[in-house]
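Have a look at the structure below, then the notes.
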Amino acid sequence: MSTLLVALLVVPFVAAGVCLIAPPTAGRILTAGVGVGSFGAVLALVTATRAHSVAAGFLRVDAVSTIFLLATALVYATVALYAIGYLRPEHVDRRYCRRILAGINLFAWALLAAPMVNGFTLLWVAVELTTVISALLVAIDDTDAATEAAWKYVLIASAGLGLALFGTVFYYYAGSQVLGTSYTFTFDALTMHSAGLPHTAVRLGFVLAVLGFGTKVGFFPVHTWLPDAHSEAPTPVSALLSGSLLAVSFYAILRFYQVAVATLGAAFPRQVLLAFGIASLALAALYLLDQRDIKRLLAYSSIEHMGILAVGMSFGARIAVVGVLLHVLAHAAAKGNAFMGAGVFVRAFGTKDLTAMRRGFTVLPWSAPLFLLAILALAAAPPFGIFRSEFYIVAGGLAAGHSGTVAVLVALVILAFAGLTWTTTALVFPADEAGITTASASLSSNAADGRTSDESIAKTPDRPTPRLGREFSAWLVIPPVLGLAVLVLLGMHPPASLIDLLTRGAVELGGG
Amino acid sequence: MPTGTPAPPVFDGVADVIAVLVLLAEFGMLRAALLPAQIRLYAGQSLLLAVLAAIAAQQRNVPDLYALAVLSAVLKVLAVPAVLRRMLRDTGTDIAGSGVLGVATRTLCALLATAFGFFATAGLPIRAAVLPRTALSLAVAAVLVAFILMIFRRDVVSQAVGFFSMENAVSLASLVIAATMPFLLEVVLLFDLLVAVVVFSALIRIHHNRRQSLSTRKLSGLRG
């Protein structure tokens with residue numbers, strides 16, 4: 001099993017290098033192979049880590065790590081397959097194709113590394129690497145909007161991670177009070193000696209970590225980079241950002257949470273997460289009511305779901321924590337699907353404005369229903385995985401006696417549901433020429449003001465090439481079908497081994 | 001003979017003076033009108049940190065800190081400023097974009113942040129391992145001033161320098177409370193800084209190529 005860990009750390013990195021020099025076609029096939037292979041390797045880890053952790057040098061994977069690896073590997077695999085269709089030679093030039101394929105592999109490598117490393121400092125380094133790699137990918141389309149989004153992202157996220165580094169230093173200091181001035185700064189070292197850690201340092205470290213890594217999770221009020229970066233990045237990158245990067249940053253918070261709960265007791269860490277969670281959820285729900293940009297809509301949906309994760313953790317009951325971990329997987333599948341669908345829509349209609357996509361079902365007979373199903377999944381409609389995970393979280397909240405918070409959670413989730421479904425039902429309605437003209441005029445006007453990213457649509461792979469009733473490529477349809485199958489499986493009948501893994505993960509996180 | 005608070009040992013005094021200079025360098029960056037001056041101040045601040053690490057290594061017998069001092073000097077005093085200077089040469093711009101507020105108001109805000117950071121940290125029950133505790137309070141103040149620098153200066157170079165100097169302030173804090181952190185981890189952190197510098201520089205170049213300016217005033221098309 002330890003060989004698998006090393007392979008997961010080495011192969012995507014090597015693939016990134018090869019993609020830079022190989023012909024684009026070979027790069028696309030290699031990326032798809034490595035993406036699917038990585039998912040297979042992580043699946044193989046599930047059996048082992050539901051019973052015990054697996055280690056190799058500075059790498060260590062337990063149940064919690066495996067769940068986040070599963071989410072990342074799932075998005076990596078589907079995006080890698082999607083890239084075969086998305087980066088076809090008729091849509092992009094060779095240089096762009098090479099760079100973005102290398103970037104996808106490198107980004108996925110950093111995202112896989114973060115849950116595998118054993119130690120707070122290495123975790124910080126891995127998360128910082130995800131920032132710098134993905135910032136370049138956000139800017140890769142070389143438009144004004146993409147450059148602005150990338151700058152905001154790298155500056156805000158790096159500043160946030162500076163605070164997280166401060167928190168990491170406080171945790172090291174806390175450990176040094178028990179373990180001596182020089183020790184191996186691993187997760188186990190601190191959790192095993194948590195009883196003797198100084199409370200002030202742990203409290204400070206935890207708050208700084210939540211605020212710092214929370215910047216990358218998209219917690220309010222440090223979320224402002226997120227809608228811009230998700231909206232301006234190329235579609236495969238948006239899917240990785242939303243489906244995996246946010247979750248990996250949340251994973252970092254969970255590692256700090258483990259030590260904080262063991263040292264301070266559950267009340268303080270849970271209150272901190274509750275405050276950030278409710279605020280983020282409320283902000284996102286309100287923004288979702290008034291979103292026309294298809295990718296910004298999905299970005300705010302991500303903030304909503306990260307808020308749900310934080311609120312779920314604050315309940316503390318084991319079933320709620322199982323729900324949180326299941327939510328990570330289901331959200332990755334649903335958000336990956338939604339972004340992949342959005343990418344096809346933007347390419348077909350030449351705009352990101354949802355109100356201009358009324359002919360969706362006519363123009364894209366496969367992608368449109370798949371996108372709508374992904375939206376329903378994100379809105380927690382049954383029978384998809386997010387319905388089950390949110391049901392667990394609510395049940396856990398009620399079991400732990402947080403009925404007031406549960407009521408707020410449910411109300412905000414319903415509000416978000418209304419926003420998501422109201423906006424996207426435009427796709428179902430038949431074409432309304434007047435409406436399309438109005439929307440296009442409005443978008444042109446906004447573009448002239450520099451307020452939307454239409455410029456990027458004209459210059460990137462998302463440029464318009466509509467072909468009525470025909471999908472661009474089967475490779476843009478197959479990955480969402482696979483993602484949908486995963487969502488139905490998670491919602492209807494999650495495998496027993498996965499339930500074991502989730503339960504063990506909840507135990508590791510102190511759910512009980 | 002009058003009695004009162006005893007004078008600090010020489011080592012503590014030197015360390016505190018260096019920490020104060022680190023904070024003053026931060027203020028200097030906040031008010032510098034020319035970008036090369038700002039980069040020089042960053043290099044000077046980094047040199048102060050390297051010297052502090054070397055003194056702590058000698059006084060407290062932590063040999064790893066010698067290596068850290070050398071690496072830190074090579075990277076932060078030489079490499080990072082060199083990358084930034086070259087970028088400035090290529091873009092042909094020396095003058096920073098004007099701040100959101102005037103120099104006096106910016107400085108006042110920074111003073112308030114400093115007072116808050118200093119006194120809030122002073123009350124914490126944290127014992128310093130290698131350096132005097134006052135340096136921790138000064139480091140927290142420097143972090144807050146770095147944030148002021150990033151928020152109130154409207155050009156991409158100042159904002160990047162603000163981030164790098166914030167990293168310096170966190171390094172100062174880690175010298176105070178976690179100086180014995182394993183050397184390998186320190187090296188990894190420095191390497192990570194190097195990667196961040198390269199990416200920041202790349203984005204600054206892209207921004208300049210598109211806008212023919214280093215100002216962030218035009219970066220207002222997206223709504224957040």
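Keep in mind that glycine also has a Cβ here, set from the backbone N, Cα and C atoms.
Heads up, TrEMBL stuff is auto-annotated, nobody curated it.
The compositional bias 'Basic and acidic residues' feature in TrEMBL is assigned to A:451-465.
Here TrEMBL flags A:121-411 as domain 'NADH:quinone oxidoreductase/Mrp antiporter transmembrane'.
The annotation region 'Disordered' is assigned in TrEMBL to A:445-465.
Summarising the annotation, TrEMBL assigns transmembrane segment to A:64-84 (among others). Same-chain residues lying 6+ beyond the ends of the transmembrane segment (A:64-84) with a Cβ under 8 Å from its Cβ atoms: 8, 12, 28-29, 31-36, 38-39, 41-43, 45-46, 49-50, 100-101, 104, 108, 111-112, 114-116, 235-236, 239-240, 243-244, 247-248, 251, 254, 325, 328-329, 331-333, 335-337, 340, 343, 473, 475-476, 478-480, 482-483, 486, 501-502, 505, 508-509.
Only residues 6 or more beyond the boundaries of the transmembrane segment (A:96-116), in the same chain, are considered here, and those with a CB under 8 A from a CB of the stretch are 5, 8-9, 12-13, 15-17, 19-22, 24, 27-28, 31, 34-35, 38, 59-61, 64-66, 68-69, 72-73, 76, 79-80, 83, 87, 89, 123, 126-127, 129-130, 133-134, 136-137, 140, 234, 236-237, 240, 244-245, 248, 251-252, 461. Sequence annotations record features per position, and here TrEMBL assigns transmembrane segment to A:96-116 (among others).
Counting residues 6+ beyond its ends, the transmembrane segment (A:122-141) has Cβ neighbours under 8 Å at 58, 96, 99-100, 103-104, 106-107, 110-111, 113-114, 147, 149-151, 153-154, 157-158, 161, 164-165, 168, 213, 216, 229, 232-234, 237, 240-241, 245, 248-249, 252, 255, 456, 459-460 in the same chain. For A:122-141 (among others), the entry in TrEMBL reads transmembrane segment.
Beyond the ends of the transmembrane segment (A:153-174), by six or more residues, the same chain brings 120-121, 124, 127-128, 131-132, 134-135, 138, 185, 190, 197-198, 201-202, 204-209, 211-216, 222, 224-225, 228-229, 252, 256, 259, 263 to within a C-beta distance below 8 angstroms of the stretch. Annotation comment: TrEMBL describes A:153-174 (among others) as transmembrane segment.
Feature annotation from TrEMBL assigns transmembrane segment to A:204-226 (among others).
According to TrEMBL, the transmembrane segment annotation covers A:238-260 (among others).
Per TrEMBL, transmembrane segment is recorded for A:272-289 (among others).
Long-range Cβ contacts of the transmembrane segment (A:309-330) within its own chain (Cβ-Cβ under 8 Å, at least 6 residues beyond either end) map to 64, 67-68, 70-71, 74, 217, 219, 247, 250, 254, 257, 266, 270-271, 273-274, 276-278, 280-281, 377, 384-386, 388-397, 399-400, 402, 405, 409, 486-487, 490-491, 494, 499, 502-503, 505-507, 509-512. Summarising the annotation, TrEMBL assigns transmembrane segment to A:309-330 (among others).
Annotation source TrEMBL lists transmembrane segment at A:363-384 (among others).
Marked as transmembrane segment by TrEMBL: A:391-420 (among others). Listed as Cβ neighbours of the transmembrane segment (A:391-420) (distance under 8 Å, sequence separation of 6 or more from its ends, same chain) are residues 274, 278, 281-282, 284-291, 297, 301, 304, 307-308, 311-312, 314-324, 326-327, 375, 378-381.
Feature annotation from TrEMBL assigns transmembrane segment to A:472-492 (among others).
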